[in-house]
Structures are given as structure tokens and as C-alpha cells.
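Right, one structure below, let's go through it.
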Amino acid sequence: MSTDSLPTPALEDRAAPASQHADSSPSTTRVRLERWGQRYGTLAILAALFVYFTLRTDDHVFATKDNLSSILQSVAVLAIVAAGLTLVLVIGAFDLSIAGTMVLATLVAAQVAVNTGSTDFGILAAIGVGGLVGLANGLIVTVLRVPPFIATLAMGLFILVGFQQKIAPDGTVSLGLPDNFGQWGQGEIAGIRYTVIAAVSTMLFLHLVLKHTVTGRNMYAVGSGPDAARLAGIRVDLVRVAAFSVCGLCCGLAGFLTASSFGLGSAQAGGSILLDAFTACFIGASTLVIGRFHILGTAVGVLTLGMLTNGLTLTGWTSDDVPIAKGVILIVAVAAAGLLRRR
């Protein structure tokens, strides 16, 4: 009898147990756990923080609807800025002017509203100024070939500060604002603040752009390798300018919402927005898709920072402890993702 006449089902039956044994081996289980950790490790940290602060606070106040709503309100502006920054990071660049752009937009929104008596003009002016700053950053990087780090550092640290001082020598614009100026920053619909709605809408829109449009794919291509992207027919400089411009628009919107929330324009409005936005984005890059900046990851990073700040405050930690905790969370998230990726 030739070997060709052997019944193949018998061979398959003998091979099946070996395959099943391989699938259930310790090494295979470890690989699966590592892959799970790579994708969901940061989400696990977020869940752990939620459980920890819920158990630590009196009457589990951390998990109440009012407190969770407060967390969302506190990170709404950060979410908008971080979403815009994500696009710049996707193309392989940096924008260190985001805080300065937001502060300038805050002052411009208030000053224009005072001069015109119209909150609507204040909104348009803030977003417009943000877009112009972003456009300027993009042109400086692409036309003048100045490295993004230097270009945006000079813009944020010197140029924008100068404009801020011209608009508000004493650091604030508050007198003569229209009565409805605080509507967008303090108003709500169905119990949800307008700022939260704006943040969710911005992140959802940019997520769809990055994930489901040619523009988004081009941005990732430029970030992966501008030379290869150029050879593929992508207009690299145009993509870079677009990313910086959208980031500026987001900062402009965030600036107006900040001014509206506090009922004034202030040169101190930037606070820790620069470091918080970068932290949220880098935490996000270690979530779901390791080593890749994306909007969903940035959203996780923003929520992590919001929960951390709120939870530490409720459990009696001082404001000086919060930056330390943020730094530790960032290092742990990124280091763990890197370790899992190397293994």
C-alpha cells in the first residue's frame, strides 16, 4: 500500500492533541498575558485607581455621580488641548506653545467681548487667534525649516507672552464683559456642562479623522517616515501645517472655555496645562496600541490625571503631592508598556 493511501483524518487526530497542548502551555499563556498587558495595562491602572479611591473615601464619595461629573468638568479643557496636541505628536513633532496659545486666546476672547459687547465675537476671536498661532508654527517648521522644539518654544515662551502683556498689562481682563460671557463655560444641558460636551465632541471628531480619513492616515505616515511618505505622494509639509493648525484651533477653543468658566481673561490661565497635556498623550501612547499616539489613548490619559488629582484631594493629600503622583503614574505606565513590548 502506498503512503498516498493513508487516511489523513488519522494524522489530523494525532496532531490535534499536540496542538491543543501547545495552546495551553505556560509559555503560550504568558504570551497572551503579556499581549493583554500591552493593550490594556493602562486601563487596568485606571480601574485600580477608581477602586482604590472609592474604598478610601468616606461613604465612597469618590464614586458618586456628582463627583464623577466634577472630574469630567475639571478635565474638559485639558482634553481639548491634549486632543489637538495628539495630532502634532502623531506627525512626529512637538508643540510647546500650547499653554501660551491657550492663555492668549483666553485674553483675546475677553478683550474682544468687552470691546464689541458680544460673546459670539469673543468665541470667534479666540478660536481664530489659536488657529493663526498654529498656522504660524506650521509655516515656521515647514518653510523656515526650524525644528518644532525650537520654533514652538520661542513662540510660547517669548512671542505669545509679549502679546499677552500688550493685551492685559495687569494680567487680567474682566471689567465690562457681556452678561452672557459665562454661559458657555458654566452652563449645562441635561445636567452636562457645555465644556464637557465640547471636549467629547472634539475628541470624537479628531478620533474619526485620525482613524477613518485619508488625512489621518497621511498624518501617521508622515510620523512614521516623512521621506517614505513623500515618495508615496503625500504632501508632507501640508500635513504638518494642518496638524499644527488644528492644534492651535483646539487651544483657542480651550482658551475661550477657560475664560468663560472663570468669567475673566487671565494670564495665569495656563497653569500646568502644558505638562498635563503631554503627560496625558504619553500615557495614552501606552494604551491599546503601544507606542502610537491616538485619541482614545489620550482620553484615557486625561481621565487618569483627572481621577488622580480628584482622588488625592479627597483622601487628604496636599496640592504639592499631586505633581509627584502624576510623574510616578507617567513613568510607571510608559515603562511598563516598554518592558512588555521588548519582551
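Positions of Cβ are set from backbone N, Cα and C atoms, glycine also.
Unlike curated entries, TrEMBL annotations are predicted automatically.
Feature annotation from TrEMBL assigns region 'Disordered' to 1-30.
Under the heading compositional bias 'Polar residues', TrEMBL lists 21-30.
Here TrEMBL flags 36-55 (among others) as transmembrane segment.
Listed as Cβ neighbours of the transmembrane segment (76-109) (distance under 8 Å, sequence separation of 6 or more from its ends, same chain) are residues 122-123, 125-127, 129-130, 133-134, 137, 141, 148-149, 152-153, 155-157, 160-161, 163-164, 167-168, 173, 193, 195-196, 198-200, 202-203, 206, 210, 219-220, 222-224, 226, 239-240, 243-244, 246-261, 265-271, 273-274, 276-278, 280-281, 284-285, 293-295, 298-299, 301-302, 305-306. Annotation comment: TrEMBL describes 76-109 (among others) as transmembrane segment.
The transmembrane segment annotation in TrEMBL covers 121-142 (among others). With a threshold of 8 Å between CB atoms, the same-chain residues lying at least 6 positions outside the transmembrane segment (121-142) that come near it are 93, 95, 97, 101-102, 104-106, 108-110, 112-113, 148, 151-152, 155, 160, 178, 181, 184, 237, 240-253, 255-256, 259.
The annotation transmembrane segment is assigned in TrEMBL to 149-169 (among others).
The transmembrane segment annotation in TrEMBL covers 189-210 (among others).
Sequence-distant contacts of the transmembrane segment (238-257) (same chain, at least 6 residues past either end, Cβ-Cβ under 8 Å): 76-77, 80-81, 83-85, 87-88, 90-91, 93, 95, 98, 101-106, 108-109, 122-123, 126-135, 137-139, 141-142, 184-185, 194-195, 198, 202, 206, 215, 218-219, 222, 229, 269, 273. Residues or ranges marked as transmembrane segment in TrEMBL: 238-257 (among others).
Long-range neighbours of the transmembrane segment (269-290) within the same chain, counting only residues 6 or more positions beyond its ends whose Cβ lies under 8 Å from a Cβ of the stretch, are 38-43, 77-79, 81-82, 85-86, 89, 96, 98-100, 102-103, 106, 156, 254-255, 258-259, 262, 296-302, 304-305, 323, 326, 329-330, 333-334, 336-338, 340-341. Per TrEMBL, the feature transmembrane segment maps to 269-290 (among others).
Positions annotated as transmembrane segment by TrEMBL: 295-317 (among others). Panel annotation: around the transmembrane segment (295-317), residues 42-43, 45-46, 49-50, 52-53, 56-57, 61-62, 67, 70-72, 74-75, 78-79, 82-83, 85-86, 203, 206-207, 210-211, 276, 279-289, 325-326, 329, 333 of the same chain, lying at least six beyond its termini, place a Cβ under 8 Å from a Cβ of the stretch.
Taken from TrEMBL, the feature transmembrane segment applies to 323-340 (among others).
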